[in-house]
Amino acid sequence: MFGTVGNECKRTKIYLLDGGMGTTLESIFHKDVSSPLWSAKPVDEEPEVIIDAHLAFLHAGADVILTSTYQCAYSTFASAGYSHADAVRIMRKAVHLAHEARTRYCQHPSNPRTREIKIVLALGPFGATLSPTQEFDGFYPPPYGPPSNEAEFQDHNGRPNSFTDAADELRAMEALAEFHAERLHIFASDRETWDLIDGIAFETIPLTREIRAVRKAIEIVRKEGLLVDKPWWISTLYPDGKFPERKLTGEHVSVGEVVDAMLAGDEPNPHSIGVNCTGMIHLDSLLDEMARQVKSREVDLPRKPSLVVYPNGGDVWNPESKRWQEVVADGGEKARTWAREIEEKVRLAESHDLWPEILAGGCCRTGPAEISALSRRLRG
């Protein structure tokens, strides 16, 4: 995705991502991020905390840090009481804070000069801007999803979240494309901010129509003449090992259909595809099937995609208490176990002899300790 960058993982073309910013701000820095802005809340109020969190991941060994912008959109800022202009200012500021962290890290004399740190713009799905959030279920209100009453929206009970009418689905895809293009425009229209960004992450996407919408959004902004060709990825999630989208028959959309949404058709193809915000236990089968599906389409692709994989840390979210339940009480043992397991997934992915590069790190409840443990395993 980034080409041959001079870092310590150059030989195997493995790049180490950071961990979950929002949960790190909660658990390590003891910040309340329960607002609609989530990890972007401290960007305006406590910018040094954001810089410190980025620095913690850089000192842990991360090659790539993601901006604190996952839930950023005009609607989430409005819900938090911010104006339109404030939303633009704070979203761009998040990029500059990541750059400040990179600058401080690279200028410190004790840090290795051979590592080239990358900043990736983090953009979550439309569902992350809703209340309650809908990354794990993919039930979007019209025009982004099929009509449903309030009771159905709160209690899905295995219902499909697909359209019965193809024209309605196309309109939903176009609405989602405009949503994602609008956010891209905020960053791409400001050259000073845009030049600091090395890549874009569209994360935790729960629907195939939104995957296609992301690709369409890239095309829209390119046609406006604003978007230079930065590398970008699409990562999806698989709660309980299943993609959130259900067909009208009740079946979950398959990995093959997800890969089709990512790579088939005339829209721009992502430089990397993969999985995030998913339990470690599901990764072996998911990565095997994803590799098989990409190999079956390889001859038709303009370029091979790289792989991005950043699972959760293993703790379980309790929606009733609204707290994380730790599966392993010993933090050091938890970090070592998580790192050993994700390294196994990376080596499995390498064995497919398919992916030009592998970007590996953590999502929710993975902090600097997990990334440090993974860095030691991958780099020796």
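Cβ atoms are placed via backbone N, Cα and C, with glycine included.
Record features (TrEMBL):
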| type | residues | note |
| --- | --- | --- |
| BINDING | Cys277, Cys363, Cys364 | Zn(2+) binding site |
| DOMAIN | 3-378 | domain 'Hcy-binding' |
Problem set entry | Cβ-centroid neighbours of Zn(2+) site Cys277, Cys363, Cys364, 8 Å, sequence order | Gly20, Thr23, Thr204, Leu237, Asn276, Thr278, Tyr310, Pro311, Asn312, Gly313, Gly362, Arg365, Thr366
Exercise. Including all protein chains shown, what's the count of other C-beta atoms within 10 A of the C-beta of Cys363 (Zn(2+) binding site)?
Worked result: 24
